[in-house]
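This report refers to the structure that appears directly beneath it.
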Amino acid sequence: MAIERTFSMIKPDATKRNLTGAITKMLEDAGLRVVASKRVWMSRREAEGFYAVHKERPFFGELVEFMSSGPTIVQVLEGENAIAKNREVMGATNPANADEGTIRKVHALSIGENSVHGSDGPETAAEEIAYWFAGTEIVG
């Protein structure tokens, strides 16, 4: 199995409820290792840039508003098949459809306030990691 890195974010709805430790523990218990982490409060410009792929979607404005409404934890996770494992631990985007024991089933409030974000593939992971971290900030 290949060791890979992925991007993970704990969203404002979760940080406001002091769930950072609980969510990080779920990720680590699944075999993922945090190799970079920082707490940021996204500006509107940063949120627009990070979610630019959704710019033409009807929910874009609401997404930007939400993501700039409070602190987030941006982090790089490392482990065997880290991208797939992170997505499995997060659960379905809609918490109503998420498997029992996943982050979103346990902690999400709604499809919009679903507590976490994770990269969906290797290219996206590389882009999202580079958006928030310099290479020297990632310590494996």
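In case you wondered, yes, glycine gets a Cβ from its N, Cα and C as well.
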Next on the checklist: Starting from the ATP binding annotation in Swiss-Prot that includes K11, F59, R87, T93, N114, which of R5, R45, R104 is the extra site residue?
Outcome noted: R104
Next on the checklist: Whole-number answer please: how many Å between the C-alpha atoms of K11 (ATP binding site) and H117 (active site, pros-phosphohistidine intermediate)?
Outcome noted: 7
Checklist entry - Using DSSP and three states only, what is R87 (ATP binding site)? => result helix
Checklist entry - Counting only other Cβ atoms and using a 10 Å cut-off, which of the binding-site residues T93, N114 scores lowest? => result T93
Checklist entry - Largest pairwise Cα distance, Å, within the listed ATP binders K11, F59, R87, T93, R104, N114? => result 22
